[in-house]
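Structure first, commentary second.
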Amino acid sequence: MLEVSSHNVWTALAVTLAAGLATGLGSLMVVFAKKPNPRLLAFGLAFAGGAMVFVSLSEILNKSIASFSNAYNDKLGFTYGTLTFLGGMLLIMVIDRLVPNPHQSLSTDDPQFRDDNRAYIRRVGLLTAVAITAHNFPEGLATFFATLESPAVGMPLAFAIAIHNIPEGIAIAVPVYFATRNKFYAFGASLLSGLAEPIGAGIGYLLLSSVLSEAVFGAVFGVIAGVMVFLALDELLPAAKRYAQGHETVYGLVSGMGTLAISLVLFRYAAP
């Protein structure tokens, strides 16, 4: 069994909590700020998608293969790493089918937002919060275990997930705010959904801490890589394309990949 210091655990949990709290930031944009610039939102979503795809394929999947190789051999390491990567995508596909994530964020300009239709809006807000909360559990696990093994990988991933969480906070806050006219309720609903990430991380660690090994790390990282790639391709990039009015999606995608690539190089040189 691998030994993990309590300092690393608390660091990983803090990073995961910070990423989850970004949903609250999204709700603040609804209740206090003006309507967000759709082109900037498109760029930000694509940036997060590019960052998540790059770090998943270049670092997390490689760590899965390396961990399996240390536990077995190079041939089995590559095989098991690939299989768990595909298994991660299959897992999140099943979750997505059982608890569909609302891909179309509601807008304050939507004709559904009328004073005589608050019951409908309240139901939409509840369903949106439940769906996004369910999807936040695997994201919390991804951030936690990536940071636990290597902050150089976990922190950039947490940054990408935090960007991804901002529009999720907006998606929850819009129907709640217009159903209740209460800023506190809108902020609280978004924040509680984001807290699913550190809660999911804590539950995952408690379940796996007694059996942590190279093989377990390999399986966790393989699944995480698959989940992150699926989320980027299924949620972030399509959402970015919806808001884009030009080439913001491809510019954001390339910028996200480039930024993560440079940050990982700098982390390598900064490491002792």
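For all residues, glycine too, the Cβ spot is worked out from N, Cα and C.
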Check Swiss-Prot for me: it has Asn136, Glu139, Asn165, Glu168 binding Fe(2+), so pick out which one of Glu197, Glu214 it puts in that same site.
Glu197
Under 8 angstroms for C-beta pairs, at least 3 of them, ignoring pairs fewer than 6 apart in sequence. Is the transmembrane segment (158-178) in contact with the transmembrane segment (76-96) by that rule?
no
Measure from the Cβ of His164 (Zn(2+) binding site) and count the other Cβ atoms within 10 Å, all protein chains considered.
26
Are there three or more C-beta pairs under 8 angstroms joining the transmembrane segment (40-60) and the transmembrane segment (247-267), sequence spacing 6 or more?
yes
Give the nonlocal contacts of the transmembrane segment (76-96) in its own chain as ranges (CB under 8 Å, at least six residues past its ends).
61, 64-70, 134-135, 138, 215, 218-219, 221-227, 229-231, 234
Which bits of the chain, at least 6 residues beyond where the transmembrane segment (211-231) starts or stops, bring a Cβ under 8 A of a Cβ in it?
1-2, 4, 52-53, 55-57, 60-61, 63-68, 70-72, 77, 80-93, 96, 135, 138-139, 141-142, 145-146, 149, 157, 164
Euclidean distance between Cα atoms of His164 (Zn(2+) binding site) and Asn136 (Fe(2+) binding site), Å:
11
